[in-house]
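Heads up, the thing below is written out as structure tokens.
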């Protein structure tokens, strides 16, 4: 079985531990914040935290959905922490970030699916951090474009929403979300003309190259200009197993194909994640 195959050398990483890593950890924990770095068991956490960067996760640490690739806790979330937007903004200031990335759990339990909390967070980041550029990685808000408009009007510099996987695998990989709803969200962002629309996908779940290229074409047709492609890694036994480890050479091939197809920016390598080197995606 694929899950018993030894992890290849190119996926073995050194966990960070310098002074900047410790400082970042202290700031995050001191403000009682959540990051996708820890909840998602991101392989780049050592590198990013050692550079003083982190991807903040708002809305709490419990998601209302149960996507089979994701390690974030799922269940009934706690009430929103109204101080969270300010805590995130202050942490960005303390870290001295020039570019910040914020994502969230899905909050399908709320009437607005968390959109108002998103807007408050963006506004607080802008108020406290003059000159900082901001990327937001948003949920699909169940296809409610009026809620997507709230995020657009708050004016982050980049709005990202991940397709995650190819059309065929979406029902077995993602929870509640659909491929076409995600495309519609991306199209709506791009059509606003106010900021780049960005998406990301994982490889190694059993997709074919033909399906990957179809996703690229669908994303481009929706107006997406930035795409990230990385290797899926099984975060725990309850998650989907890895079907295949994609080689660095295959990732580079896809990067070149994506450039030829017309993406303005494409990151494609085994350890690439949506927010990895996000400052390049403005």
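Note that Cβ sites are derived from N, Cα and C of the backbone, with glycine treated the same way.
What Swiss-Prot says about this one:
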type	residues	note
BINDING	37, 42, 48, 275	[4Fe-4S] cluster 1 binding site
BINDING	63, 67, 70	[4Fe-4S] cluster 2 binding site
DOMAIN	49-264	domain 'Radical SAM core'
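Comparing residue 275 ([4Fe-4S] cluster 1 binding site) with residue 70 ([4Fe-4S] cluster 2 binding site), their Cα atoms are 16 Å apart once rounded. Long-range neighbours of residue 67 ([4Fe-4S] cluster 2 binding site) (same chain, six or more residues apart, CB within less than 8 Å of its CB): 164, 173, 174, 175, 177. Residue 70 ([4Fe-4S] cluster 2 binding site) carries neither a helix nor a strand DSSP state and counts as coil.
Other residues of the same chain near the [4Fe-4S] cluster 2 site, with their Cβ within 8 Å of the Cβ centroid of 63, 67, 70, are 65, 66, 69, 71, 72, 74, 105, 106, 175. A sphere of 10 angstroms centred on the C-beta of residue 70 ([4Fe-4S] cluster 2 binding site) encloses 24 other C-beta atoms. Computed over the domain 'Radical SAM core' (49-264), the whole-number mean pLDDT of the model equals 94. In this structure, of the binding-site residues 63, 275, the smallest number of CB atoms within 10 A of the CB marks 63.
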